[in-house]
Ligand SMILES: NC(=O)C1=CN([C@@H]2O[C@H](COP(=O)(O)OP(=O)(O)OC[C@H]3O[C@@H](n4cnc5c(N)ncnc54)[C@H](OP(=O)(O)O)[C@@H]3O)[C@@H](O)[C@H]2O)C=CC1
Ligand SMILES: O=C(O)C1=N[C@H](C(=O)O)C[C@H](O)C1
């Protein structure tokens with residue numbers, strides 16, 4: 001056990017959830033970290049501050065997480081955020097808030113699994129060379145949002161790479177059919193959501209050209225897959241002031 005003075009004091013918001021509980025276990029198992037608060041929906045964010053946390057990890061739910069982050073920034077506590085539901089507008093509000101809170105950091109990452117971050121990076125790298133690209137995300141049926149934050153982030157990165165390469169609209173002759181059959185449109189990239197008992201978190205990026213297909217696939221079979229990324233973000237929080245979106249920036253991929 002390290003001396004208490006060397007340990008980073010960590011709070012977990014959403015501690016009773018599937019991810020929050022796994023993060024609490026991971027923090028307890030790390031010699032350089034101390035879990036000082038495990039907060040549930042009935043607790044206030046100020047409880048993390050009162051417990052002396054310097055970093056708070058938020059795995060609550062869309063619709064709640066943004067308010068948590070603003071409260072943490074006000075208190076000077078670094079935030080590591082895994083909860084989804086973030087938009088360009090909500091990220092802008094946090095960025096603006098952080099302008100008035102020098103030294104405080106917020107990392108929002110739609111996926112902390114190293115393989116998922118690499119898959120997104122590979123897909124974005126490949127996108128400029130293909131006429132077509134579509135994203136399929138597959139999750140457990142208890143997930144409350146669709147498409148997944150990861151799929152949105154992936155589609156946005158593909159769209160950005162296509163635009164930078166001067167690619168236009170993808171070929172698609174669909175003129176009629178059932179609403180929703182072609183999935184959601186994220187910046188011009190189609191995203192399809194599967195919810196199936198037995199799954200955890202999976203993503204396939206399909207890239208097509210005449211006569212060939214490239215498939216990039218990542219599978220999280222267990223929530224332990226997210227923990228190395230979460231712990232990396234907690235450890236780097238104090239040295240990355242301002243807003244960071246995506247774990248890729250901590251992995252040298254951003
Ligand atoms: N970035 C990443 O790598 C990953 C992100 N996620 C995302 O993390 C989030 C949580 O996922 P998961 O753990 O599966 O979800 P769960 O439903 O298992 O957990 C959600 C947690 O949020 C808390 N909560 C719910 N409503 C409120 C509220 N109104 N105020 C405060 N807390 C609330 C719950 O508290 P209580 O226990 O008191 O009910 C619960 O602990 C989702 O957005 C998911 O997409 C998931 C996996 C990986
Ligand atoms: O809810 C989940 O489970 C997951 N949510 C995140 C997302 O929406 O991308 C990350 C991962 O896919 C698991």
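Note that Cβ sites are derived from N, Cα and C of the backbone, with glycine treated the same way.
Here residue 139 (active site, proton donor/acceptor) comes close to 148, 193, 194, 195, 196, 199, 200, 201, 202: these same-chain residues lie at least six apart in sequence, with C-beta atoms under 8 angstroms from its C-beta. Secondary structure at residue 139 (active site, proton donor/acceptor), as computed by DSSP, is strand. Annotation comment: TrEMBL describes 139 as active site, proton donor/acceptor.
The annotation active site, proton donor is assigned in TrEMBL to 143. Around the Cβ of residue 143 (active site, proton donor), the same chain contributes 195, each under 8 angstroms and 6 or more positions distant in sequence.
Residue 16 (NAD(+) binding site) carries neither a helix nor a strand DSSP state and counts as coil. What TrEMBL lists as NAD(+) binding site is 14, 15, 16, 17, 18, 19, 82, 83, 84, 109, 110, 111, 112.
What TrEMBL records for 41 is NADP(+) binding site. DSSP assigns residue 41 (NADP(+) binding site) to coil, not to a helix or a strand. If you take the C-beta of residue 41 (NADP(+) binding site) and look for same-chain residues 6 or more apart in sequence within under 8 angstroms, you find 14, 16, 60.
DSSP gives residue 149 ((S)-2,3,4,5-tetrahydrodipicolinate binding site) a helix state. Within its own chain, residue 149 ((S)-2,3,4,5-tetrahydrodipicolinate binding site) has 84, 85, 86, 110, 111 as residues 6 or more apart in sequence whose C-beta sits under 8 angstroms from its own. Sequence annotations record features per position, and here TrEMBL assigns (S)-2,3,4,5-tetrahydrodipicolinate binding site to 140, 149, 150.
What TrEMBL lists as domain 'Dihydrodipicolinate reductase N-terminal' is 9-112. DSSP places the residues of the domain 'Dihydrodipicolinate reductase N-terminal' (9-112) in helix, strand and coil in these numbers: 38 helix, 24 strand, 42 coil.
Positions annotated as domain 'Dihydrodipicolinate reductase C-terminal' by TrEMBL: 115-251.
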Cβ under 6 Å from ligand 2: qualifying binding-site residues of 16, 18, 82, 84, 110: 84, 110
Listed recorded positions with Cβ under 6 Å from ligand 1, out of 18, 84, 139, 140, 150: 18, 84
Residue counts (helix, strand, coil, in that order) that DSSP gives for the domain 'Dihydrodipicolinate reductase C-terminal' (115-251): 50 helix, 40 strand, 47 coil
Neighbourhood of residue 112 (NAD(+) binding site) by C-beta distance under 8 A, where only residues 6 or more apart in the same chain count: 82, 226, 227, 228, 229, 230, 233, 247
